[in-house]
Amino acid sequence: MSKIRVLSVDDSALMRQIMTEIINSHSDMEMVATAPDPLVARDLIKKFNPDVLTLDVEMPRMDGLDFLEKLMRLRPMPVVMVSSLTGKGSEVTLRALELGAIDFVTKPQLGIREGMLAYSEMIAEKVRTAARARIAAHKPMAAPTTLKAGPLLSSEKLIAIGASTGGTEAIRHVLQPLPLSSPAVIITQHMPPGFTRSFAERLNKLCQISVKEAEDGELVLPGHAYIAPGDKHMELARSGANYQIKIHDGPPVNRHRPSVDVLFHSVAKHAGRNAVGVILTGMGNDGAAGMLAMYQAGAWTIAQNEASCVVFGMPREAINMGGVSEVVDLSQVSQQMLAKISAGQAIRI
């Protein structure tokens with residue numbers, strides 16, 4: 001099998017050296033070239049035709065976003081962004097994902113060499129995932145039309161969503177059409193700390209429903225969406241007649257914190273047939289067992305189809321485990337989940 005050919009673009013000579021060490025330390029990939037800025041990278045892309053590009057967000061001559069926008073328009077290819085762990089860095093990274101980047105890695109704030117080398121396996125996994133990703137599925141999406149509100153729903157009704165690679169844009173596509181009368185939506189998206197708050201704030205500006213980073217102990221309200229905070233598990237709990245959010249520091253599940261399985265298992269336990277579960281694009285199997293538990297508890301469960309996924313890992317695993325009621329294109333997910341929950345069809349006969 002041929003190696004994954006990687007090109008790294010970063011204005012830091014140290015970062016270029018570190019990325020080269022990381023990539024070349026894995027037998028299934030190789031660094032074919034590095035570039036100090038996008039203008040040099042443009043020529044190297046033509047020369048080496050890499051499978052994956054790693055791209056620094058902030059660079060001289062042309063910043064990473066401008067370059068990414070041109071690249072995805074003229075020569076679409078898998079891109080993994082390299083971002084700083086700052087408020088501004090998270091906003092720029094989310095914009096990069098919107099423009100078509102597959103994923104991102106964050107630079108440690110201290111001890112760059114030691115920190116990046118510690119991330120070696122994670123970086124390699126993201127590069128492998130990017131090399132297999134569907135670029136055509138990751139074109140920026142137009143804002144969808146708002147769906148018509150169904151009948152007033154009981155506060156018992158609930159939608160739970162899980163996603164990973166490619167999920168930020170998929171979640172946006174699912175939430176934007178939801179009317180204010182929608183049931184509560186609770187979401188686990190694999191993301192590091194700091195990024196989930198920026199992600200929630202970005203969605204809140206784009207959606208009719210309110211979107212926020214979830215907080216421990218808050219009540220779950222209709223017309224609101226709650227994003228699990230980075231590096232924390234989120235679970236659904238009961239507080240009398242109401243649903244409540246629990247945030248905790250439990251060990252990683254399926255190597256993830258937050259974990260979709262943790263959320264889905266809690267929804268199966270506390271919401272049962274009053275819930276609709278949705279599993280979107282993502283690598284790995286997180287959420288598959290939890291979705292089966294939701295299905296067995298009477299929930300209607302939806303998996304995104306392969307054609308519209310950036311990475312069809314998590315939905316495939318959920319389908320293979322037998323916990324999926326229906327498989328639909330991303331463009332139909334919002335409509336289907338509202339139709340099922342509004343018609344009371346979260347309950348399977």
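Cβ atoms here come from the backbone N, Cα and C positions, even for glycine.
Over in Swiss-Prot, the protein carries these features:
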ACT_SITE  SER164  active site
ACT_SITE  HIS190  active site
ACT_SITE  ASP286  active site
DOMAIN    5-122  domain 'Response regulatory'
DOMAIN    152-344  domain 'CheB-type methylesterase'
MOD_RES   ASP56  4-aspartylphosphate
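Shown on the structure are the features that Swiss-Prot records.
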{"residue": "ASP56", "record": "4-aspartylphosphate", "CB count, 10 Å": "25"}
{"residue": "SER164", "record": "active site", "CB count, 10 Å": "27"}
{"residue": "HIS190", "record": "active site", "CB count, 10 Å": "27"}
{"residue": "ASP286", "record": "active site", "CB count, 10 Å": "30"}
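Residue pair SER164 (active site) / HIS190 (active site) shows a Cα separation of 5 Å. Between the C-alpha atoms of HIS190 (active site) and ASP286 (active site), the distance comes to 10 Å. The secondary structure of HIS190 (active site), as reduced to three states from DSSP, is coil rather than helix or strand.
The distance from the Cα of ASP286 (active site) to the Cα of ASP56 (4-aspartylphosphate) comes to 28 Å. Look at ASP286 (active site): DSSP puts it in coil. DSSP gives the residue listed as '4-aspartylphosphate' a strand state.
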